[in-house]
Amino acid sequence: MSIDYKKLWPEALDFESLDQNAQHVDPKDEDFDYAEAFQELDLEEVKQDIESVMTDSQEWWPADYGHYGPLFIRMAWHSAGTYRTTDGRGGASGGYQRLPPVDSWPDNANLDKARRVLWPVKQKYGQNLSWADLIVLAGNVALESMGFETFGFAGGREDDFAPDESVDWGPEEEMEASDRYDEAGELPEPLGATVMGLIYVNPEGPDGEPDLEGSAANIRESFGRMAMNDEETVALIAGGHTFGKVHGADDPDEHVGGPPADAPIDLQGLGWENDFGEGKGPDTITSGIEGPWNTTPTQWDMSYIDNLLDYEWWPEKGPGGAWQWTTESGELDAAAPSVDGSSEKEDVMMLTTDVALKRDPDYREVLERFQENPDEFQEAFAKAWYKLIHRDMGPPERFLGPEVPEETLIWQDPLPDADYDSIGDEEVAELKEALLDSELSVAQLVKTAWASASTYRDSDKRGGANGARIRLEPQRSWEVNEPAALADALETYEAIQEEFNSARSDAVRVSLADLIVLGGNAAVEQAAADAGYDVTVPFEPGRTDATPEQTDVESFEALKPKADGFRNYLSDEAERKPEELLVDKADLLNLTPPEMTVLVGGMRALGATYQDTDRGVFTDEPGTLTNDFFVNILDMDYEWEPVSEDREVFELRDRETGEVEWEGTRFDLIFGSDSRLRAISEVYGADDGEAEFVEDFVDTWSKVMKLDRFDLE
């Protein structure tokens, strides 16, 4: 058995998130194009196949009410609902619900059966239909089959075949524990759920108690971290709870076995074995809470909202030993059908999280408005559901299939279509010359391009240089972008753009988004030339400029970096070690350890640092693309001494004279301290390493500049 080095040396830097960016664990051919394969599907045929299995109840796991639709809705919701805005991680893409740890979360109990029911559909369409898409599509088909009109569906989610090691799910080591709140009672970022192993909040209430006010507060915080406002939150909960029931025929602690990750091998990946009664149908145990929300659990109607608002609800312990709510005088007892179609009736119940919506004045106002306006409720749920299941997919260019709505919504970060011709090689050369002849230095050109492009997050495919949103709020006011200096730089860019565009007699124009990237490319080429290397940085025009109306300021605020080690920037809000934040930023940029290393070394050589600090600029020729950063970080003629107790800034001193040569931060020193990063740095810091360094920097720089160019795929 290999040693778990993370436990042996917990302070060592963890590169698992970056390593997965370099690994190919997908059994499909590396040249396989899922987008192309998906569009070969007859989506209507796929939906018919899903609906067929949805109403074909299996003896080994009977469908509640003869219809797997409610189970499929829960499956789709819990797949997409892991998304959080703070770092863009989670969500339906990747199909992580079928992989650990998510497949074994208590909140996903018995969803393994839902995926097994769907296997014949997945088996039929194979590589043309990912699990990630199928899970979400099944939720949509379920809603439609029970009388609800959905807003649309987009495919394009590829499957992953290993857990996402970049996601911080929380500090707890036990499921359903909640040790994540800080001393001030705040849920730390980037977490979205309030409890380990749950998608959002404890349905019984905070800490398993029926506290309505506390439950409403948890709901608002958790759904807010998923980018949902109060109306969307109420619409999602009310819409989802219109269907199906929860299962708690008896106490899960006494009757239910472990999740898939802990199940015996003969169960073949099925978890939560239940020895109560038949272990299925009316005897099913999932959450430990028991009952439906209404008397029509397989049809779209207003009964959930009507029941919640029109009756008084009181807490009680259900048959599974969990807190749930019943009507005050039992008006809805024995009112709902049994899951197996028998003559025995079931009691209608509510969760603490349901009644919390009624107690909270803001949520209640939305509920009452929906009750009075059913069409408004239908539309709100349709759009909130669409947002839920597509939030992590990025811009509309990635949305595939015949059911993609024509309307682009603000949360999709829309961009305008170009109503002009893009620049060609001749114009590119002309504009490069104008940029290099301007008052902007190499460092300014590089920093502006980096600030624009490095907002990209591969987690949810948001951000990037396309749109030139760096000139709009909130990005132009972010501390990391040095607002005053950025404003001056943008003024120069806009003047060059205006002069070029106004001089054209044809339809060729340059967008500011393209011009900013081109400026960075030109600066890199100039810096390489000054170091003796003739390079051309690849450039593909076609970016357009977003408008303020196309930019949700609050939504984009989630992209603001608390640290950017590539620019040697660390804010007061940063709560983790700088080197850990550097790795996290590199992962969001889909970089590997060598790519992260070469970018930092190049940015330092170019002098592209926050507030033009000399920290980390280990060269006498800033603005020249040399390997000096690596040469000097590896030089044993020097030693490092901290200049403060927090050991975040250090002085590089000559061992013999004690003279201070340079200053650096933990962002810099990690490349000499960490054994893996030092090994990579040695390649670039060797006497024959500079040419390789320049080539690799150009390749990686170009990669970052076009991370968001889904229009080129």
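Numbering starts at 1 and runs along the chain as it is shown here.
From the backbone N, Cα and C atoms, a Cβ is placed for every residue, glycine too.
Values in this document were obtained by computation on a predicted structure and should not be read as measured data.
Look at Swiss-Prot and you will find HIS78 tagged as active site, proton acceptor, backed by sequence analysis. Annotated heme b binding site per Swiss-Prot: HIS241, in sequence order. Among the features that Swiss-Prot reports, site 'Transition state stabilizer' is placed at ARG74, with the record citing sequence analysis.
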Pairwise CA distance, ARG74 (site 'Transition state stabilizer') versus HIS241 (heme b binding site), rounded so that it is a whole Å: 10
Inside 10 Å of the Cβ of HIS78 (active site, proton acceptor), count up the other Cβ atoms and send me the figure. 22
Cβ contacts of the residue listed as 'heme b binding site' (under 8 Å, same chain, 6 or more positions away): TRP293, TYR304, LEU351, ASP354
